[in-house]
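Novice: One structure, pasted below without further comment.
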Amino acid sequence: MYLGEDCGAVYVRENGELRCVSAVKTVDPPPQNRLFTRDFTFQLCIDTLPSASRAERRDHFIFTYNKQGSLRYSVKTLFDISLQFIADHVEHVDSLVGFPEQMADKLFSAAEERGKFAELRTASRALQLFCEAYGELVLKSLCLRNRYLLISERLEEIRQFQSLECLDLYGCRLGDNHELFKYITSEALSSLVKLFMGANCLSDAGLQRLTAPVRVMKKGLENLQLLDLSENHITEKGLRYLTCFKTLQKLDLSGTKVMMDVSLKGFFRMMGMALSETPLMDFTHTACKTEGWAEQVINQWEITAAEVPKKDPKPRTNALRFYGREKFVREMLNSWSETSDATNKDKAVPIHFCKVDDCVQSSPSGETHSTHKSRKRRLSTEEEQSAAPVAKRLPLSVEDLHLLNSY
């Protein structure tokens, strides 16, 4: 039988059955009743998982060595596994209010190990979560002395700290219009007792802005007891804004433009304060330090801020050498440094004010000082009496003459 290309399918009847001659004979595979294929194994399922999830699964085990040196592993407790999961997703937690403090301390440490407070994406929310629930336990005292770069980089995170009792911002160059003023004068820092604002380029306008919420709305810094305003451009006019601090007990005005005159004495008499004869130890910054759960977080921020690469000053020095001004600039810088050192050496006498009760209840050193003064007075009077001329002394009596003749 001849089959052409133009012809279609040809069917032939054989043994009473009709079949197609031109079509390719295909055999359908028999149906399989298996649930899994022959090459399916549990190991293949593990290999298909992402590497990150496998690394997290290893955290659920504790690997140890026994005395024989063989490796053994044990499964962590359900509490530890749950704590790790919450720490990995702490930024998605709604609230920790009512959560036990002991568990919160462990959760804070676990989140710190995972870098939740160092990442800019999660640091602000994570700190806010803990500060709203535990307040001063997270951070009670914050020392940012001369850390102006840290303030500019971590301003949003610093704003989350509530219930601070001591804040040291000495030498941070804030000026009169810094964004941190809103945080200092907010209700979040109504519990602040000590505030160090020395060497911040503050003027009377900055002091007015700092005290505005207390003077107008009676909010913010209402419990302030110690204030450091040393080395700022503050005059007698700016001191009138301090009358709103009813609980103020100690004030430092060293290195300012305040002149002691009769009007200033009247102002401090109205404040119930007097000039301290000896420098107060509260303004030495020795007792101020960072305290709380977030102490290591602040240190880690400072370390990461210090790791930022510095700009190469080589193009600048090359330009100075090309124009022949390197020597001139160096001389100017040296002269400025010498003048600054001279000003630091020739600092004014510490001007510390305190409440009259505190001044009256002086330390034992003050008592010894007063006794020393009284002794000096006695010695001076005796010396004056001995140095007096003979003519001004009383004449000898008859009994005195007889007594002298008996010798």
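Glycine is no exception: its Cβ is also placed from the backbone N, Cα and C atoms.
So Swiss-Prot lists the following for this protein:
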REGION    360-389  region 'Disordered'
REPEAT    138-159  repeat 'LRR 1'
REPEAT    163-184  repeat 'LRR 2'
REPEAT    191-211  repeat 'LRR 3'
REPEAT    223-243  repeat 'LRR 4'
REPEAT    247-268  repeat 'LRR 5'
Novice: Kindly state the mean pLDDT of the repeat 'LRR 3' (191-211) in the predicted structure.
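Specialist: Within the repeat 'LRR 3' (191-211), the model's average pLDDT equals 94.
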Novice: Using Cβ atoms and a strict cutoff of less than 8 Å, what residues sit near the repeat 'LRR 5' (247-268) while being 6 or more residues removed from its termini?
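Specialist: Residues packing against the repeat 'LRR 5' (247-268) from afar: 198, 222-236, 239-240, 274-275, 280, 282-283, 347-355, 358.
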Novice: What residues in the same chain, six or more past the boundaries of the repeat 'LRR 2' (163-184), come closer than 8 Å to it by Cβ-Cβ distance?
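Specialist: Distal contacts: 131, 135-136, 139-148, 151, 155, 191-203, 205-206, 209-210, 220-221, 228, 285, 288.
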